[in-house]
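Copied from TrEMBL, the annotated features are:
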DOMAIN    14-134  domain 'RDD'
TRANSMEM  18-38  transmembrane segment
TRANSMEM  50-70  transmembrane segment
TRANSMEM  103-122  transmembrane segment
TRANSMEM  151-171  transmembrane segment
Amino acid sequence: MEEEINQKLRVSSRKRRIAAFIIDHFTITFLLVSTVFLSMGTSFLDNNDISKMTITMLAVMPIGFLIYFVKDSIKGISMGKWIMGIMIRDADELNQVPSFGRLLIRNLLIIIWPVEFIVLALSQEKKRLGDKIVNTIVVNNPNKPNKLPRIIALIGVGITFFTFIILFVGVTMKSSEAYKVAIIEIEQNQEILSETGGIKGYGIMPTGNISITGGNGQAQLGIKVLGNEKDLKIRVYLTKESNEKWKLVEMNK
């Protein structure tokens with residue numbers, strides 16, 4: 001029986017393993033970036049609190065490393081490995097999933113991932129250093145799901161990441177004092193009011209950037225003005241001095 005199982009399990013290719021690692025890295029990075037952004041709140045552009053950002057990053061980093069270390073703990077399959085159709089097994093008994101402790105030790109060496117990639121590339125057994133230390137091997141999963149669900153999962157992770165980033169950046173910019181001042185200036189501009197036939201709203205996602213250093217700030221915003229008769233794209237330039245409010249420098253279409 002064991003011989004039959006061994007014949008069904010092929011050693012995974014390096015390409016699949018690297019692709020799985022990239023997917024895992026992307027997924028975990030998404031979780032960490034989301035956590036940092038949500039912890040900072042939408043007002044972090046105005047607060048410019050470097051100490052809070054540093055504390056948040058230091059608090060999130062250990063969580064990120066922990067996720068990396070235990071990512072293969074469920075049946076030797078991480079998100080990336082599930083999508084790529086591969087899994088970790090005991091090198092001597094391919095029908096056995098390594099213990100949690102062995103999987104944890106194996107992934108501790110991800111910290112030195114450049115060395116791990118070199119070892120994997122040069123190893124005839126297609127093993128990285130972590131595999132050699134705890135005697136594991138990565139094989140193709142004979143019971144992997146159909147390709148379509150795995151492709152959908154991969155696309156779903158990507159869409160979720162970019163949607164979150166776009167929405168969060170949009171909400172953050174709209175919550176900033178610079179954006180609020182820009183809107184006030186737009187609504188007081190008679191030329192814009194006349195050309196649009198009255199303002200009924202604004203675009204979902206303003207463009208541009210807001211930077212604050214030492215209390216001094218500069219902002220360049222592109223705001224889509226939705227009018228009753230005509231829509232306009234307005235460029236607004238503002239500056240801010242320490243302990244002062246944002247002031248309009250220039251506004252044009």
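Any Cβ shown, glycine's included, is placed from N, Cα and C.
Here the domain 'RDD' (14-134) has, by DSSP, the following mix of helix, strand and coil residues: 87 helix, 5 strand, 29 coil. Annotation: stretch 18-38 has the most Cβ pairs under 8 Å to the transmembrane segment (50-70), among 18-38, 103-122, 151-171.
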